[in-house]
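Only one structure is covered here, and it is reproduced in the block below.
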Amino acid sequence: MIKDTLWTLLAVVVFPGGLFAMALGLALKGVERRAIARLQRRVGPPLVQPFYDLVKLMRKRTLIPDTANRFVFLTVPLIGLAAMGVAAAMIPIPGFYQPSPLLGDLIVLFYLVSVPAVALMLAGSASGSPYGAIGFSREMAIVLAYEGPILLSLVAVALHAGAAMGQPIALNLSDIVNYQQQHGAFLFDPWLLPAFLTYLSFIPANLGIAPFDIPEAEAEVLEGPLVEYSGPPLGLLKLTSAIKSVVVIGLGVALFFPNGPDGIAGLVVFALKCVVMVLAGALLKAAVGRMRIDQAVLFYLKWPELLGVAGLVLVAARL
Amino acid sequence: MTFLKILWDNLRKGPSTEAFPFGEATTPAGYRGKVTFDAATCVGCNMCEHVCAAGAIRFAEADDGLHFVIWHNTCVSCGLCAYYCPTKAIKLSNDWHLSHLQQDKYTQLDHGVVAYKRCTSCGDKLLPTGSVLTQLAYKGPNPRAERLMDLCPECRRKASTRGEAI
Amino acid sequence: MTDASTIKDRVMSIARMIRGEFSISENRHGRVTAWITLADKDDLIATCHALKAFDARLSMITALADRNAGFNLLAYHFDIEGSTVTVKVKLVSGASIDSIVPIFRNADWHEREFMEFYDIKCTGRTDNRRLFLDESVDGRVMERLIPLSVISNAASTNMLFERLITDREKQ
Amino acid sequence: MKSFNMPVGPLHVSLEEPMYFRIDVEGEKVAGLEITAGHVHRGIEYLTAKRNIYQNLALIERVCSLCSNSHPEAYCMALETIAGIEVPERAQYLRVFADEIKRVASHMFNVAILAHVVGFESLFMHVMEAREIMQDTKETVFGNRMDLAANIIGGVKYDIDAAQSAYIISQLDRLEPLLLNEIIPVYETNATIQSRTRGIGRITREHCIEYGLMGPVARGAGHGYDVRTAAPYAVYDRMDVEVITYPDGDVWSRAMVRLKEVAASIRLLRQCLRDLPDGATDAGPLPFIPAGEAVTKVEAPRGELVYYVNTDGTDIPARVKWRVPSYMNWDVLHLMMVGEGISDIPLIVNSIDPCISCTER
Amino acid sequence: MNFFSTAAKKSPWLYRINAGSCNGCDVELATTACIPRYDVERLGCQYCGSPKHADIVLITGPLTARVKDRVLRVFDEIPDPKVTVAVGICPISGGVFRESYAIEGPIDRYLPVDVNVPGCPPRPQAIIEGIAMAIEIWAKRT
């Protein structure tokens, strides 16, 4: 029991949560920035640029605005980071890492994934700046818009996997991964295609990739919820968003295409899948502009929502 | 779709970034940069000071000659001084490496002394006329005029009344 | 594009209507430049109405202080299809003029501007706040009576050059 | 619905220049707007009365760097009118050339910023890279990328020789296909640009007349006033000036007018080089300016620019006054913004191409 | 040079303050900071939307009377350590606008300036040169 707890703690703090997820997340950010630079005919920053940025921020002074709620302002970044550390530890890396059941199931993970968004909302409103407030309301609108589709997508996969394994619903991510390791990835199952597309459409909104980078739109609301942050807390917020990209992409990989070799090669394949997703994100970011918040919300309520429902109906019809 | 093609072309063509600051930057020959001053050709007409909108040019009289000072930190490189300079003693180079640290702010200047000549007759000081101006005025060398130019205005007047005028 | 003679006729008809000085010239493109100096500032509104009826557009209002005569001039510049008509009004210092905003909407900022730069008042307006001048600056900066030293807060060229020379001598 | 007051500026990243708005916001919609001006007021009109006519050339060029050629041009024209100076024909052509090359750079900057405001960074960079072709040309021909210092009283102080002419044409040959085959089609068809800019910030032709609007803002609403054809100056009467209008009066129309004008300006630049006559580039040195007054107007990139100059026979002008197109175009922001979303504020502000440094002087 | 200053040297974030400039320097700053031809991201630079994120602040314009207080307030919002660069002759000496009633500058009357980049406007390469000087100072300060 104690050993289990220790291992779990290690998983959260060092691998695959904590330090490892941070490193991977920052490296992915570096890859993204470099890729976008190349698409725009630029040289771009070195791949390790996000590490430099983070280290630099850790040494800057923290300014707390007079209008801000000091306690909330400073703790919120930590909450987001902690949630993401735990979430990262819950993502199985096939053939390499199996999360401990102590960490909880798919439902817990679903809630953890929305914590950074909530943290960002709190950060925005705690900062007491009008831009932060607008960032807050936009973040809220977009979260409400994508929460539905993502839930539908998760439920569809869980139902499908559950039926295949003879359970009512499979909520354990490891089981879902193991099933796919043996019976082939869900990505190639046409019945799950709508669910997969729904998940894909959720990624840019959650990670703040164009055209859905509305809450942090620099030209409109400065950087929205981040506007009043500086120094280490800003670094933590940036770090959180880096880990979040690992979690969200990792969850997608686990749900739809976990297959890979055993051992360290499995880890490499996992990282490569993340890189491919990030490159696709970079292409999207470089190829489009930003939507208006009402357009984005309408978009989610229309297409991903419909796709999500369709996906669930398809899966249910097969049961 | 048009834009995806542009992105693809971008990727294919590779970065268009200039080498500077890690390599040399190209500068057109006609770039209006740092002002240069040639005291030898200056005739002290003050036209450059007169047309300078930013007050970057100052002439001051001293014992040894006419002092010319240009402060680059207020020069707008409009080129009016060079355009209106009758002898082209003032020119704009294409040097743009003007960035400097704050402690050097007040040393960013060029200085030239248009040295006084002594009148060959009475020894009074006078401003040299400069050969470029004589060339302009007489379209060629003129020994009598040049002798007159070595005299101060007072001696020149006397010389003229003696019938040495041109 | 424009029948210049008609514009000329239109301007002439206004000129006949008002009291004051008048001059007109035409360039090689047939565009007219007309100058009207009103004898009475109260004729301004009537003149503006007449110009408006001829599709004139207000392009600018210039205020200027006459250095010697001790009065201010307001010059209203109008554009009629590329031709320029300027209506000038003389004002003694501190006098007021009727607002033409009801006739030409875009006169608003111009009127606010001459009110803060000159000793001219404008009647019949709602918004009389300063437009460009900061509160820390004394008003009426364009009146020639105010010397530079009173209103300037920036470093002067002389000060800077004194510093330059002393720094150079120190080296 | 939650309503609050949002300050924009004076130092806001999406505003190139300091301008201060207080915007009443209801939810995500703009309910009211108040403008506070004066942050870039440098007292230039006051300075013109302290400096002589030559110094004023360089001073007036720095009213604004985006229309920096139009200001000295109109100022010189006014002094030439007062003194009755005939500007040589070659100089007239060179003035048109400088005018148009500035128009290209200014319009391209504005449409690039539009892409930046809608978060379309790649497009922004693409347009700016194309603009660099023109910047290089200016730097080579005039010696500076922004302030051309082309005009002097009685003519211009630069000249174009055969080698430069060939260079300019090669640069135009690079820019033109980029503009016609890539940039204009993207603005015409791209989904993001379309969905963000069409139908936003609408005004009508009647508004243009009522507010006295100018330039691409008016032409984007179907009001085709252009000084180059309405009151030709320099040699514009001999040029094939196209007045481009779009009927809709929205943000997109204004951007399209600018893009099409860039294409038209490139054709004018070619025409200038082709028709450039031989001769002097100025009317002789140091003219005497008698007492007098004149009003001149030119078409700056943003619309009609009016100059009034009054001289008293000394070489310090008694009064120099000007009005820039943005001066009136500001007022219409009330009309454009109310009822639009907060995301559209920077977009609408940018669409009138506000030149604050011009307006506030 | 320790680990922190090595990292900081590679990550100088830029912020621009317009203190009443004529646009010229601002357009050139936007050009320098954002377009592929000059690509300051190579140097680890990044333009930020909030002064609180900035390390190197670029100031343009002669500091007009009305914008002065705002500029000073925004400058104070930039957390230390920071480096200030005056871009263009206006903030350095007032340039052509010196001696106007509306000008409060030169900017070093109110703010500590570290690097001056004269020019009207300076070409982008000159601005990069100034930023490079500022980065050296910035690395020493962290």
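Numbers here mean position along the shown chain, with the first residue as 1.
Every residue gets a Cβ built from N, Cα and C, even glycine.
Feature annotations, courtesy of TrEMBL:
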BINDING   D:Glu45  Mg(2+) binding site
BINDING   D:Cys64, D:Cys67, D:Cys355  Ni(2+) binding site
BINDING   D:Cys67, D:Cys358  Fe cation binding site
DOMAIN    D:118-281  domain 'NADH-quinone oxidoreductase subunit D'
DOMAIN    D:289-361  domain 'NADH-quinone oxidoreductase subunit D'
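Sequence-distant contacts (6 or more apart, same chain, Cβ under 8 Å) of D:Cys67 (Ni(2+) binding site) comprise D:Lys102, D:Ser106, D:Ala300, D:Pro301, D:Arg302, D:Leu305, D:Val324, D:Cys355, D:Cys358. Here the C-alpha separation of D:Glu45 (Mg(2+) binding site) and D:Cys64 (Ni(2+) binding site) works out to 13 Å. Listed binding-site residues D:Cys64, D:Cys67, D:Cys355, D:Cys358 compared with chain C at a CB cut-off under 8 A give none as close ones.
For D:Cys64 (Ni(2+) binding site), the same-chain residues lying six or more positions away in sequence with a CB closer than 8 A to its CB are D:His71, D:Val324, D:Cys355, D:Ser357, D:Cys358.
Counting residues of the domain 'NADH-quinone oxidoreductase subunit D' (D:289-361) by DSSP class, helix then strand then coil, yields 25 helix, 26 strand, 22 coil. The residue listed as 'Mg(2+) binding site': 21 other CB atoms within 10 A of its CB, across all protein chains. Under DSSP, D:Cys64 (Ni(2+) binding site) is assigned to coil, being neither helix nor strand in the three-state scheme.
According to DSSP, the residue listed as 'Mg(2+) binding site' is assigned to a helical segment.
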